Amino acid sequence: MSSAPANGNSSIGHQKKPRGVEEKAMVETGSSGVCVIFDLDGTLTKARQPASVETLDLIKELREKKKIAVAIVSGSDESKIIEQLRFKSSQDFRAFDFVFCENGCVAYEEGRLVEKLSIAAEIGEERLKEVINFCLRYIADLDIPIKRGTFVEYRNGLLNISPIGRDCTLSERLAFFELDKRYGYRKKMKSVLEENFSKYSLCFSIGGQISIDCYPEGWDKRMCLRHLESRFEKLYFFGDQTHQGGNDYEIFSDPRTDGRSVKNPEETFQILRQLFFSS
């Protein structure tokens, strides 16, 4: 795996020519030759919380005033992203140049669906069922203070596995996150899953505060770069789970991106202002 590139040293070249009329809006927005890619939870928003007005205003400024293209890549499905961005439907994704749901397995460009991949089709129903059954048995035997519901959530491109269950409240989520930092519930479960299912070329990464993502090898957040690398001279990435084993690590450390590790949305905004609004 490639090591993280030095930040901020690459020069920005001229804008590449659009490949077709359908790219016109994106090219106008990204005429600086730059695209900034954001993780969502913990980077643009607080975990599972709606985007602030400040966030959406800053995105608008990047696109309209600085002519910088903006993309989101998240492990969440489109319904959760719509909710967090305060949108009504996927048509509102037009507020961004690109929205990549489920690590990029479901891709939107200017509000239009352009790609949709399936983990079930990729690995087969029998193997998928084997992974789900294993996770449910493991969680059933796991001794943690509370459990709720939706321990395994099927998405198009991945499985989202949560020891506490995705139905937990915000306060329960935060309490589990603190316990997980102390006792490493997800880290241990991730290790067990890797031992049992590496034979199927499946990858497991810790994401957000309560879950583990399971996806086919290569289906991490770098998937989105297939849609971007030939169109822009410079790609920035901002994420909070950039440590090895986190679900931002692969794209953060990819030599095609200038990776920025942040702790919260406030730090994201601070770095954006330094990079693009300081002069």
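Cβ from N, Cα, C; glycine included.
TrEMBL labels come from automatic prediction, so no person has curated them.
Just so it is clear, the model here is predicted, and its values are computed rather than measured.
The annotation compositional bias 'Polar residues' is assigned in TrEMBL to 1-13.
As annotated by TrEMBL, active site, nucleophile applies to ASP39. Sequence-distant neighbours of ASP39 (active site, nucleophile) (same chain, 6+ residues apart, CB-CB distance under 8 A): ILE72, VAL73, SER74, LYS221, PHE237, PHE238, GLY239, ASP240, GLN241, ASP248.
DSSP assigns THR257 (Mg(2+) binding site) to coil, not to a helix or a strand. The Mg(2+) binding site annotation in TrEMBL covers ASP39, ASP41, ASP240, PHE252, ASP254, THR257.
Annotation source TrEMBL lists active site, proton donor/acceptor at ASP41. Taking a C-beta cut-off of under 8 Å and a sequence gap of six or more, ASP41 (Mg(2+) binding site) has these contacts in its own chain: ALA47, ARG48, SER74, SER76, GLN84, GLY207, GLY208, GLN209, ASP240.
Sequence-distant neighbours of ASP213 (alpha-D-mannose 1-phosphate binding site) (same chain, 6+ apart, CB under 8 A from its CB) are GLY75, ASN103, LEU158, LEU159, ASN160, ILE161, PHE204, SER205, ILE206, GLY207, ASN247. DSSP assigns ASP213 (alpha-D-mannose 1-phosphate binding site) to a strand in the three-state reduction. What TrEMBL lists as alpha-D-mannose 1-phosphate binding site is ARG48, ARG155, ARG166, ARG173, SER211, ASP213.
Comparing local CB density within 10 A for the binding-site residues ASP240, ASP254, the maximum falls on ASP240.
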